[in-house]
Amino acid sequence: EKNKIRPRGQRDSSYYWKMEASEVMLSTRIGSGSFGTVYKGKWHGDVAVKILKVVDPTPEQLQAFRNEVAVLRKTRHVNILLFMGYMTKDNLAIVTQWCEGSSLYKHLHVQETKFQMFQLIDIARQTAQGMDYLHAKNIIHRDMKSNNIFLHEGLTVKIGDFGLATVKSRWSGSQQVEQPTGSVLWMAPEVIRMQDDNPFSFQSDVYSYGIVLYELMAGELPYAHINNRDQIIFMVGRGYASPDLSRLYKNCPKAIKRLVADCVKKVKEERPLFPQILSSIELLQHSLPKINRSAPEPSLHRAAHTEDINACTLTTSPRLPVF
């Protein structure tokens, strides 16, 4: 019965992206994140396999997961980690391109890579470009942070771990998936408060991006003076604390400083959206002396059509700080 081929017209579009567990060989365990464990694997070459923390998914969860996969498979952009397929046997899992580069978190806070200001601005632009693309596809990232941004072959940004609301949401009834404990620093106040059934929005992604921008422009994580995670949750959730902009580099352009301030506004309606964010960074780049502009990559201009299957790491990032 199982092996009978259904007429083509009756197939869910996600059917063609389903992988059999037997086809994918898992090798090294790379690390564990808020929503699952990442392995390096082989499937016609190197891939990253994320086994999601969803035990015994309900039929509703399974269908919601398939619906989301149908959206993810349509994503093709130079600044987005390529989605390659999914598995449902034993565990829900997604398969993406493998990437040898380090996460932005690792570059900034572990290796302490010394970037020049024009490079930091370009990382910010590419990240905004990738996020603008996701939002245009109506995909909310829900876990945007420096651990989920990878620098591939030098300075090409790849955003990973996007979408998958099924896994990142609380489910009523027996299935409850807790909010990520490691991502507190990047969570918008309204997400921390969790007063709405679904506090995630384009604006909550913008807030998280604002924290990434702060990391780029300060070289450190926000709230470094508060080493108590619960205190950060309380202070940010109530609107008593926001990133200290006096910590930004002295040579940080005013336009970027304003952008950080706007992105992390406590009232979500006051935050800009990615088309505006991207425009303001591009405007700034055009005003910089030519010697400080990074060489444009031809691939960036055909981003929407690019199918970049080069290797890209899903997570070589270290453990998150206690917050």
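Numbers here mean position along the shown chain, with the first residue as 1.
Glycine too: its Cβ is placed from the backbone N, Cα and C atoms.
Features reported for this protein in Swiss-Prot:
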- D143: active site, proton acceptor (ACT_SITE)
- I30, G31, S32, G33, S34, F35, G36, T37, V38, K50: ATP binding site (BINDING)
- 24-284: domain 'Protein kinase' (DOMAIN)
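Between the listed binding-site residues, namely S32, G36, V38, the fewest other CB atoms within 10 angstroms of a CB are found at S32.
Just so you know, the Cβ of I30 (ATP binding site) picks up 20 other Cβ atoms within 10 Å once every protein chain is counted. Here the Cα atom of S32 (ATP binding site) is found 14 Å from that of the residue listed as 'active site, proton acceptor'. Here the C-alpha separation of D143 (active site, proton acceptor) and G36 (ATP binding site) works out to 13 Å. Across the domain 'Protein kinase' (24-284), mean pLDDT in this model comes to 86.
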